[in-house]
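Copied over from TrEMBL, here are the features:
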- 239-248: compositional bias 'Gly residues' (COMPBIAS)
- 249-266: compositional bias 'Low complexity' (COMPBIAS)
- 152-221: domain 'Protein-glutamine gamma-glutamyltransferase-like C-terminal' (DOMAIN)
- 228-277: region 'Disordered' (REGION)
- 85-106: transmembrane segment (TRANSMEM)
């Protein structure tokens with residue numbers, strides 16, 4: 001034990017008194033003056049000085065304690081006169097086993113965190129895009145920017161569903177919606193992703209946002225409405241080999257009669273009308 005209280009124990013059973021105003025140096029210098037049974041005020045003063053000693057304030061980290069423990073194992077090996085190579089291999093093996101167990105245990109936590117990194121846009125919300133925009137406007141007017149951002153992004157996704165650019169799917173996350181929408185609106189890929197991140201920051205991360213975030217979602221909503229979607233099927237069809245507007249082999253052209261053939265014996269040849277020559 002260090003400090004004035006430690007000095008009192010070392011000086012036991014010397015007699016004497018010391019004033020409350022005396023400096024710690026004076027008490028250290030004159031051990032004979034240290035009281036064996038200090039009064040209550042003096043005892044409190046000594047205890048306060050003792051607990052303020054840096055020895056009690058240093059709280060080693062978990063890593064530091066682990067390294068101290070590991071160092072102690074090697075010290076024990078030297079004391080016990082065990083083959084250092086074998087002992088070191090055993091200790092390293094134990095450390096690796098502990099690390100592997102920690103990794104396996106922490107794995108589900110990491111997966112769970114990643115799964116929650118993007119939350120569902122809709123849960124049991126059946127509102128239309130117009131209703132969601134109205135809710136976003138109302139929240140923005142009240143200065144509730146977080147709610148405004150969430151409702152505006154929902155309006156963007158719902159409008160894509162209403163335009164049949166996204167299929168309505170319960171549980172779809174914000175990033176899934178952005179990725180699917182980017183297939184039809186590739187020019188807005190970055191802005192759709194930024195909107196999804198804003199939505200997740202507010203809904204999952206509880207991040208505080210301001211009017212700038214609301215304005216960004218308003219602009220995204222307007223851009224989505226104004227952007228012409230990219231068709232999923234090329235104009236010449238999936239099996240066509242001609243140019244735009246031309247039918248390829250196997251493609252029926254509207255207004256053209258389709259020849260129908262019927263099964264015939266092998267000694268007959270089919271005609272365009274299904275008869276035999």
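Glycine too: its Cβ is placed from the backbone N, Cα and C atoms.
Remark: secondary structure over the domain 'Protein-glutamine gamma-glutamyltransferase-like C-terminal' (152-221) totals 51 helix, 1 strand, 18 coil, with classes taken from DSSP. Mean pLDDT, taken over the domain 'Protein-glutamine gamma-glutamyltransferase-like C-terminal' (152-221), works out to 92 on the 0 to 100 scale.
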